[in-house]
């Protein structure tokens, strides 16, 4: 079971820092992160593109599950 | 790529509107200034009595309504709150004192530079230093906590307050004060100012424009997305000033500015430090409040209270320079922010130590999938 990082309710840059920390820790692999704002979704997508990770977004009600892979 | 164009266009239109506002009456290099305009509103409502800075600025009302409309239309409006509201109030309060020592918010710093005011370089350098100073705290676990979904009515309270202030602006009852001299007496026609506010409110909501955030993302991730927006504002406003003949290069005699470099630097550094801890500069706070975030709304109230305080107690700078009381206030502000940041980090770390992961407390279902 893959752990999901919970970044709901956090204002940027905290969601970004959580994801960046995981990227640095893992190097490659899968990161799942749950956010509840479009701003965090967009910012993390941008970070993913910047760091050359693939990103897959699924929306569940008002929340977004972001799955990053590399 | 599409995203990049969104922010470049948002910045360019903001720059253009800023030039238009100044042409039709706003003070020089002050097409928009969130700090100055919130200060004017504090005066207009009689919270401070300095005769030159009292007016209910329609730009602010427009920005809030524009961002609110955009957030509702895109289903991004959500009532959130409950993440250290009082601490945010205080950080907003302190940030405002720093900005009134510099005489502008990050947005006006760019507009001042576009008008040739080189004092703005001190301010921008200060802003970068302030953001840089705040980042280690974020890395060491500084967090004001999670905003939780709230009863939907909460998100509309801020909008209701802004509409009330708008009605006061239109009705002009006797207890609302409009300056007849000084910066706040210089104003673009209400309809234009309101419309310019709405446009920038919509654009800022869609593009998440934020200068403190831009510097922060660049330092942290080498991500220059938000900085493109400000580059666009600078270039368009610069071209605008050059064509209108309002470009004046130098340090001395700049409109609504002083040339005390170190204090320009320190004032803005304090604002940058607060902004990075708050998660955004005053513009971003205003937009976020309009999207239903009540913590950001409290931050905006903190900014207004800080402005009222700064003027009632003679802390704000003027063209003559920074008063001794203002200098002292900035130093006290730094000390207060460091104490706050230290204790927030310490509390977060100790909670984490005891409970393994404070972040997921009360939100357990996140780890289910």
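For all residues, glycine too, the Cβ spot is worked out from N, Cα and C.
No curator has checked TrEMBL annotations; they are predicted automatically.
Database features (TrEMBL):
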- B:5-22: transmembrane segment (TRANSMEM)
- B:60-77: transmembrane segment (TRANSMEM)
- B:89-114: transmembrane segment (TRANSMEM)
- B:120-138: transmembrane segment (TRANSMEM)
- B:158-178: transmembrane segment (TRANSMEM)
- B:184-204: transmembrane segment (TRANSMEM)
- B:225-243: transmembrane segment (TRANSMEM)
- B:263-284: transmembrane segment (TRANSMEM)
- B:296-318: transmembrane segment (TRANSMEM)
- B:324-345: transmembrane segment (TRANSMEM)
May I ask which of the stretches B:5-22, B:184-204, B:225-243 has the most CB pairs under 8 A with the transmembrane segment (B:89-114)? B:225-243
Which range out of B:60-77, B:120-138, B:184-204, B:225-243 gives the transmembrane segment (B:158-178) the most CB pairs under 8 Å? B:60-77
Range from B:5-22, B:60-77, B:120-138, B:225-243 with most C-beta pairs under 8 A to the transmembrane segment (B:263-284): B:120-138
If you count Cβ pairs under 8 Å, which stretch among B:60-77, B:120-138, B:184-204, B:225-243 touches the transmembrane segment (B:5-22) the most? B:225-243
Considering only Cβ pairs under 8 Å, which range in B:60-77, B:120-138, B:225-243 makes the most contacts with the transmembrane segment (B:184-204)? B:60-77
Outside the transmembrane segment (B:60-77), at least 6 residues beyond either end, the same-chain residues with a Cβ under 8 Å of its Cβ set are 34, 37-38, 41, 155, 158-159, 162-163, 165-166, 169, 193-202, 204-206, 283, 286-287, 289-292
